[in-house]
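This report concerns only the one structure given below.
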Amino acid sequence: MTISHWRNFARGAIGIAIGAAFLWLSLRQTSWEQVSAILFQSNVGWLFISLGFYVADLWLRVSRWRILLCDIKTLSFQSVGIALIVGYAANVVLPARLGELVRADFAGRRYRLSRSAMVGSILAERVLDGLIVVLYLVLGQLFIPDHPLLSSLTAVSALLFISIFIALLLLGKKSGSGKDWLDRFPNAISSRVESFRQGLSVMRGVGAVRVVNLSLIIWLLEALVIWSVLKAVNVSLGVWEMLLVTGVTSLSSLIPSAPGFVGTYQYAFAFTLGLLAYKPAQGIAAATAIQVFLMGSLVVVGLGLYMYLNLVKPDRS
């Protein structure tokens, strides 16, 4: 086993352990019997509405990543969509968000692109998501009683994502001085950093505005997905409460965890809905419904595409 394989194995093992710990913490507050009862009584109509919002969300995410890739190579919407869906499906199946690496590798191999550039574009995408999630957390907390854990979570998340965002902006800036320090490194390193920088290039100029605007719409749809699923399990929340729930639960999915975000997702829903005077079982049921109905559908489509492209149509399109 290479060092890279050991690193991925360790990352996956840690993710599974984190997920198991959070699942145990979630179930301490309720039981699977209560969760199952809520799931069986859920409104299927609202679940299908959530699926519609979910498809629209993914559609816009494809458009956004296509813009992020435009300085690297112009790809069709279909090509970008296939790579994104396969990567997102892998994120559900694999622990510790290893699907992001699968997406970079899949797109790099299939469309003959630099994997470092792919990683750069994906990191830019995720940092933008993180900044909007932090904004949701800040706005959501304005209308609920102060909670020390939420305040700490928001402060740490804001510091982390803002710091990474500034670092990416500085790295993505091409200047004479930037070239000078990069030239000091061996070519094997400098070429990868330059490719990574290329993946960040759209973060400046008109493309950045389009990406930010799309990101705001994407996260409106993300909130509507969660709102619809919560309605299915008889939870009705206002706008500011939805911002809080969306912020906390989405942040939990950014933590390296078990496949399908099992454990961390359940805990985030149970914890947040508990603050809003709902039963933890309703939160766990909502998280499970999203994982089974929405993420499950994504996995079926993503794995189907992957198998078709590798077994039936292996050549680059």
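Keep in mind that glycine also has a Cβ here, set from the backbone N, Cα and C atoms.
According to TrEMBL, the protein carries these features:
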- 6-25: transmembrane segment (TRANSMEM)
- 37-56: transmembrane segment (TRANSMEM)
- 76-96: transmembrane segment (TRANSMEM)
- 117-144: transmembrane segment (TRANSMEM)
- 150-171: transmembrane segment (TRANSMEM)
- 211-230: transmembrane segment (TRANSMEM)
- 262-278: transmembrane segment (TRANSMEM)
- 284-309: transmembrane segment (TRANSMEM)
Checklist entry - Any chance the transmembrane segment (211-230) and the transmembrane segment (76-96) are in contact, meaning at least three CB pairs closer than 8 A with a sequence separation of 6+? => result no
Checklist entry - Counting only residues 6+ away from its ends, which parts of the chain sit with a Cβ under 8 Å from the transmembrane segment (150-171)? => result 123-124, 127-128, 130-131, 133-134, 137-138, 141, 196-197, 200, 203-204, 244, 248, 251, 275
Checklist entry - List, by number or range, the same-chain residues at least 6 past the transmembrane segment (37-56) whose CB is under 8 A from its CB atoms? => result 221, 224-226, 228-229, 231-234, 281-282, 285, 288-290, 293-294, 297-298
